[in-house]
Each structure stands twice: as C-alpha cells, then as structure tokens.
Amino acid sequence: MLLVIDIGNSNIVLGLYEGDELQHHWRVSTDRNKTEDEYGMLVKSLFGSVGLGFEQVRGVIISSVVPPLNLTIERMCGKYMQQKALIIGPGIKTGLNIKYEYPREVGSDRIVNAVAAIHHYGAPLIVVDFGTATTFCYVDERAQYWGGAIAPGIGISTEALFTRAAKLPRIEITKPASVVGRNTIAAMQAGIFYGFVGQVEGIVRRIMDEYGTQPTVVATGGLASLFANETSCIHVVDQNLTLKGLRLIYERNQS
C-alpha cells in the first residue's frame with residue numbers, strides 16, 4: 001500500500017492507497033515536539049485500528065509546510081516501515097508548469113492540490129483551500145500554475161478576534177440564521193461566516209475578471225463544505241484533494 005502524508009500547520013493527514021483507491025485516512029494534530037518514536041507509535045495505533053501493519057506499506061510520499069517536522073517524519077518512515085519517503089520539493093516530478101515568479105516559494109500543498117485538481121477536474125481552475133491560511137490558486141486553460149492569493153485562515157482570524165476583544169466570547173463557526181445578528185453571538189457568527197463567503201466570492205470574481213476565463217472552482221479543507229453550500233462560485237468540494245495529488249505525484253516519480 002502507498003502511505004501519503006500531508007503535514008499542515010494545524011493537522012497531519014495520512015492516507016493509505018491500494019492502487020488508485022483511498023482505503024483509509026486519518027487526521028491528527030500537528031505537534032512539532034513529538035519524536036520519530038512517538039509518531040511511530042501513533043501511526044502504528046492508527047494502522048492497528050483497521051487491522052493493518054507497517055509491513056504492508058510499499059511506498060511513502062510526504063507534502064509538508066512545516067519544515068522542522070520533515071526529518072522527524074522521514075526518520076519515522078525509515079525506522080518503522082523501512083521506507084525512504086519521497087518529499088515534495090525541488091527535483092520531484094509534478095508535471096505542473098509553474099509560472100510563479102519564484103517557483104521554489106510555492107507551498108508544496110498548493111502544488112499538490114493543483115496537480116490533483118487538473119487531473120480530476122480539468123483546467124482552467126481555481127483551488128480554494130480552507131486551511132490555517134485560506135489560499136487561492138489559479139491554473140489557466142493550458143494547465144499553467146500562475147499563483148494566487150494567501151489570506152489569514154478562519155481559525156487565525158477568529159482567534160485574533162477572541163484574543164483582542166475581551167468582551168467577545170468564543171463561538172462555534174457556523175452559518176447564522178440571519179446576516180443581521182440580534183445578539184452578540186449571532187452577530188459574531190454573521191460577521192465571520194458571511195465575511196469569509198464574501199472574501200471567497202470577491203477574490204474568485206477578481207481572478208476571473210483579470211484573466212478573462214470561466215474556471216472550475218474547487219474547494220478543499222476542513223470548512224470547505226460549510227462555505228460551499230452558501231455560494232454558487234464554488235463548483236466542487238473535494239476533501240481528499242491533497243491526498244489524491246500526492247498519489248499522482250508518487251506515480252509520476254516511479255518511472
């Protein structure tokens with residue numbers, strides 16, 4: 001089986017593929033202080049929960065936006081699975097034509113998402129990833145990656161609001177009954193929810209206007225479904241987009 005690992009700022013997502021089928025996937029909190037052994041025991045318990053062992057892993061590929069964890073996870077794969085992990089970075093074949101001014105600056109998660117979106121949904125397209133940061137990536141009709149926009153994520157924004165405004169309580173991020181909140185909690189929910197809906201609609205519209213295309217808009221990330229249900233500008237929600245992209249890139253590097 002192929003183990004795909006997406007190391008994000010808030011969560012690490014692991015998936016197990018048999019061929020092109022995602023058999024299992026898990027999400028755990030990112031902890032920069034854990035050792036290779038601690039991660040090894042954690043992953044062993046996840047595998048064990050579905051009756052699998054490390055010996056069934058035949059390949060590993062990693063995407064990471066947390067460089068301090070790269071070596072830890074790489075060593076974990078070597079020590080417990082006897083596998084040398086493929087890590088997304090310079091020298092890896094992605095098949096993506098990157099037009100970014102400084103290609104090495106593009107986050108590996110953005111590259112992986114674009115590869116998966118092109119393969120499954122075609123170009124042109126915009127990928128919106130609701131992660132620790134909310135990112136927008138534009139790929140033109142020739143499948144060329146041009147870049148996009150990076151904004152503070154929902155979690156970062158709401159945490160700043162809770163921290164800096166002493167009288168405002170912590171609330172659940174959910175769709176409110178009305179855009180006009182008639183109490184503090186409802187007003188906060190309206191501002192957060194419709195503020196992010198407006199952000200997505202505004203940036204997507206400006207990209208479309210600037211490039212003169214009608215791209216497919218693909219959303220991914222934990223809260224993608226919540227916001228996609230409120231706006232017609234998002235056409236597809238794919239929560240496993242990054243895992244799919246990792247599998248595709250792994251295959252492209254086996255020849």
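For all residues, glycine too, the Cβ spot is worked out from N, Cα and C.
Under the heading ATP binding site, Swiss-Prot lists D6, I7, G8, N9, S10, N11, I12, V13, T132. Per Swiss-Prot, substrate binding site is recorded for Y100, G107, S108, D109, R110, T184, and the stated evidence type is sequence analysis. Here Swiss-Prot flags D109 as active site, proton acceptor, drawing on sequence analysis. Positions annotated as K(+) binding site by Swiss-Prot, on the basis of sequence analysis: D129.
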Distance from the residue listed as 'K(+) binding site' back to Y100 (substrate binding site), taken between C-alpha atoms, in Å: 18
Integer Å distance between the CA atoms belonging to D109 (substrate binding site) and D6 (ATP binding site): 8
Cα distance (Å, whole number) from T132 (ATP binding site) to T184 (substrate binding site): 25
Any further residue of that chain within 8 Å (Cβ to the Cβ centroid of D6, I7, G8, N9, S10, N11, I12, V13, T132) of the recorded ATP site: T30, V65, V66, G131
Spatial neighbours of G8 (ATP binding site), counting only the binding-site residues D109, R110, D129 and Cα distances within 10 Å: D109
Mapped DSSP class for D129 (K(+) binding site), helix or strand or coil: strand
Secondary structure of I12 (ATP binding site) (DSSP, helix/strand/coil): strand
DSSP state at R110 (substrate binding site), helix/strand/coil: helix
Within 10 angstroms of D129 (K(+) binding site), Cα basis - binding-site residues out of S10, I12, G107, S108, R110: R110
Length of the line joining the Cα atoms of D109 (substrate binding site) and I12 (ATP binding site), in Å: 12
Euclidean distance between Cα atoms of T132 (ATP binding site) and R110 (substrate binding site), Å: 13
Residue pair S108 (substrate binding site), I12 (ATP binding site) - Cα distance, angstrom, rounded: 14
Distance from G107 (substrate binding site) back to I12 (ATP binding site), taken between C-alpha atoms, in Å: 15
Alpha-carbon distance [S10 (ATP binding site); G107 (substrate binding site)] in Å: 15
